[in-house]
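What TrEMBL lists as compositional bias 'Basic and acidic residues' is 58-67. Annotated compositional bias 'Polar residues' per TrEMBL: 304-320, in sequence order. Per TrEMBL, domain 'Cation-transporting P-type ATPase N-terminal' is recorded for 33-109. For 53-72, 282-344, the entry in TrEMBL reads region 'Disordered'. According to TrEMBL, the transmembrane segment annotation covers 361-385, 405-429, 848-867, 921-942, 962-981, 1001-1021, 1033-1051.
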Amino acid sequence: MATIDGRPAQYGISLKQLRELMEHRGREGVMKIAENGGIHELCKKLYTSPNEGLSGSKADEEHRRETFGSNVIPPKPPKTFLTLVWEALQDVTLIILEVAALVSLGLSFYKPADEDAPVLQEEEEHHGWIEGLAILISVIVVVIVTAFNDYSKERQFRGLQNRIEGEHKFSVIRGGEVCQISVGDILVGDIAQVKYGDLLPADGCLIQSNDLKVDESSLTGESDHVKKGPDVDPMVLSGTHVMEGSGKMVVTAVGVNSQAGIIFTLLGAAVDEQEAEIKKMKKEAKRANKQKNLTGENDGRSQIKGSQAPSQRETVTSEITKSESEGNHLPQSSSSGAAETGHKKEKSVLQAKLTKLAIQIGYAGSTIAVLTVIILIIQFCIKTFVIDEKPWKNTYANNLVKHLIIGVTVLVVAVPEGLPLAVTLSLAYSVKKMMKDNNLVRHLDACETMGNATAICSDKTGTLTTNRMTVVQSYICEKLCKVLPTLSDIPQHVGNLITMGISVNSAYTSNIMAGHNPGDLPIQVGNKTECALLGFVQGLGVKYQSIRDEITEDKFTRVYTFNSVRKSMGTVIPRPNGGYRLYTKGASEIIMKKCAFIYGHEGTLEKFTRDMQERLIREVIEPMACDGLRTISVAYRDFVPGKAAINEVHIDGEPNWDDEENIMTNLTCLCVVGIEDPVRPEVPDAIRKCQRAGITVRMVTGDNINTARSIASKCGILRPNDDFLILEGKEFNRRIRDSNGDIQQHLIDKVWPKLRVLARSSPTDKYTLVKGIIDSTVSENREVVAVTGDGTNDGPALKKADVGFAMGIAGTDVAKEASDIILTDDNFSSIVKAVMWGRNVYDSIAKFLQFQLTVNVVAVIVAFIGACAVQDSPLKAVQMLWVNLIMDTLASLALATEFPTPDLLLRKPYGRTKPLISRTMMKNILGQALYQLIIIFGLLFVGDVILDIESGRGQELNAGPTQHFTIIFNTFVMMTLFNEINARKIHGQRNVIEGLLTNPIFYTIWIFTMISQVLIIQYGKMAFSTKALTLDQWLWCIFFGIGTLVWGQLITSVPTRKLPKILSWGRGHPEEYTDGMNLGEERFDSIDSDKKPRAGQILWIRGLTRLQTQIRVVNAFRQGLDARYGDHTNTSLAEVLRKQTSLSKRLSETSSIEYADNIPDELTIPEIDVERLSSHSHTETAV
């Protein structure tokens, strides 16, 4: 049955049979496995061993991939560069410019036969076509730059997604050794170890389980945890969460053949069908809208909801796509979205305010652009037809087209399309750099949100401490040892019980391994508390692995796994002479209450009276806790069939192991150990930085209150003379609940402001605290809360928080899924770096705003007044497109990539109501605009006299370029370039050069722009409407440019506090700025039409930003304004619902598994969202 290279020639079970096997649940699954000869026979058919796993040979692995598939979803091919170019060309303003330029180009070749045609100079006649061609070339440059940005960002984000996927490891047995492999490398036949907190990456059948419970709500919709076991329900499915216990399974389906993979494939097919049907529906839309009404459509929706199958969103979004960052975006289901993410939808404060600003500037710019065109046309008509009394000539059409081009170009310059680009670039740059600071950002907007954080609720273990635990004190047989005892110091029978109890009653995935190099500390693998206890056993001179080899996991009778409620773990094993022995370990105060006996002096058995318990707590446990030690007690209990000793219990038959309360009582205490987990050396300084930055740090831990107080003092969370609260979970709940036991916000508001440590807390307590702080209205600004978590039950708190941090090392898969940022080093100081980067994002955007709005104001006013005063814009269309490229694409790249400085942590958080444009920024904007306008208008009206050059005013529209207008253009660009240096400072700093050389991107772009400007002026000629300047003229232009730096110093001297607050913009709560836009989810509410943005608003965002492709690229991180919805604003609800119903029917018809319970909302939005929905397969995603 095997080939020469060791791989199976033929497996005993086919892929089809395995898929059919995994469709059964519960008792049916047990029977189906029995029909295949049992689980061990199934392993034989797959040529694997339950104990040894796969051989690990390359030939065998490759053969299994060919036969059963690999654990990846085949990616959809990325969009080509040409596709991105085509999408960039779809922008409304660019289309208008293209059409106008083509018309201008065509008219330039038109030679009228009439005698009154305007007489042109020979050069003008030969080069009249150049302006139209130059505009076309400028548009092409803009499009190519946009497409290249999209292409490079898409590659960058894919790299980020691959990094996130690579972080997801799973434990399998290969060649008899437990190893961690990437989920994408899991194969059919692998023996996988399943433990609490895992997100299962493949389908499998259980070989053995210990109190295993799985959350299958993603597949079945049932919220109750399902008990799993070889004899109960052996089928475990990909995409489900292990909520309790542990086990071992043989993998039977991976990738597209797994349950989650089937849904992914089904969804992809649905998207393809949707695209095809949309084209057909467009033709029928008008007729359908007349025939359909809301009543009929509601009937259609009820058909969908009537299905018994799970929701697509829950299956794919909750269980698969979140493991790959937010790369695959599917919407929240209506049922759970509000509950789980209602708060998250408002999280991007910056984006909300920028949206409002973009809309307002869009309106203002559009108004001025229209007025400019109207004034130019009216002036031309009055001069030509009224004053000169000339008849209409066909050549005048060219004049009108040029007026239109000027107006559209003003619009291009006026609208700040660089805003979303700057946000995108700044966040993308920050995310890339944050990886080096051990912050793996899953949700891009979390980076910005951290800049506004006012509170951090942190775990203790592993975050504030090193999570390298060692036993440093012990209490055994009434003897307190401050150093580790030897086995000879302990009575033999007690020593045997302790070593056996610890070795057996610890997860077998917890191990202590030798360091990589001689002299290195041993490596702790698995649960660090258990590793400390195992190290204690080794210190006694006993090899715990020998005990485990003798008592393997399949010999366990029952395992009571650790959870936040139990705060202990118990394992039941058979006794050699009959009966059972229960070993248990856990928090000292929990175990002590269940103990009735203790080994006293010389190992004699004594009754453990209440007085002895209190004395032990007072004299041993509390002093250990006050030293910052975690105290763990180890105990046991025997169940014997014959005569029972005083500390044993007689049984007839097998006890009811489900009656945990009676099983876990009358225990015999073996020992109490004190485990040290030192504070990370860098944490006290990090917490001081947080406090200096106006961020309150709170410790939320499950440890003893004395241990928590000691660690909090060492960290600096508790400072001398501070008025603070330290509470245990029980006391916390007593204070925040009314007489009926209900949580009251006003009671929480009395607790949280002073609370610094919450000890012996449950995940529910953490969630309650986080929710209470967020919902509080005690402070003027709503608190922005960051939370750390590592356990499965931390998920709700991580989701509720403004920013959730999961532990990359100790965190469970469930916690990582619920998080926004993963701390790859589990270190609190990395959170401080995230705060710094978040504040830097806000400042980078503010710098760009300060720079761009200055250019906007000047360019628009110059074009408008120039049109009114001299019947022409001093800045030509091509020149303004160049300025637009400088101030948008290049400036956003330069200013959005500033590196953060420690000074960012010396101020308080901005808060959610902080103006987007502060008074200092507005002072700089208006002051610089005033200077530039004075210089430009001075040059426009008297510059020709001062510089002794020919005036450019009053020339024919078709006249060639002049030095006069070239100087105006060059001076404007010089002032813009030097003001870019001013814009780097937004808080009134005088030294604008500081840190300039630390940002190579900035000075590289600045130098490139300067060189390009020189080439344009000297050699642009007709293409750029420029005429070469002399050295003296260049010096004047540079002089005026440098003048912006000097003028900036004068502006800085103006006291900001005396300026009226009305000069700031964006003050107030961000909810005021969303205007009905759901920025977090990138879609609009299709039901409540009153709250939907008007078509005009969406059009400004869409048509005037040239960013629809950029937004498509970064929508994987829930950023940007998906303005393409503007095309479909008028789509009727009836049509949307009809399409949803139709899609649901197709899904149910094409699938043998009914998964079409609730079709994602994105599928109801025509055309453009189908593409976004299918973006989940852009990377080769490990399921």
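Just so it is clear, glycine is given a Cβ too, placed from its N, Cα and C backbone atoms.
Annotations in TrEMBL come from automatic prediction, not curation.
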Using a Cβ cut-off of under 8 Å, list the residues of the same chain at least 6 residues beyond the transmembrane segment (921-942) that approach it.
846, 849-850, 853-854, 857-858, 861-862, 865-866, 869-870, 874, 953, 964, 967-968, 971-972, 975, 979, 982-983, 986, 1040, 1043-1044, 1047-1048, 1050-1051, 1054, 1056, 1059, 1063-1065
Top Cβ-contact partner of the transmembrane segment (1033-1051) among 848-867, 962-981, 1001-1021 (pairs under 8 Å):
962-981
So if I exclude everything within five residues of the ends of the transmembrane segment (962-981), which remaining residues of that chain have a CB under 8 angstroms from its CBs? That is, six or more out.
851, 854-855, 858-859, 862, 874-876, 879, 882-883, 886-887, 891, 894-895, 928, 931-932, 935-936, 939-940, 943-944, 947, 949-953, 955, 992-993, 996, 1006, 1009-1010, 1013, 1017, 1025-1027, 1029, 1033-1034, 1036-1038, 1040-1045, 1048
Sort the residues of the region 'Disordered' (53-72) into helix, strand and coil with DSSP and give the three counts.
11 helix, 3 strand, 6 coil
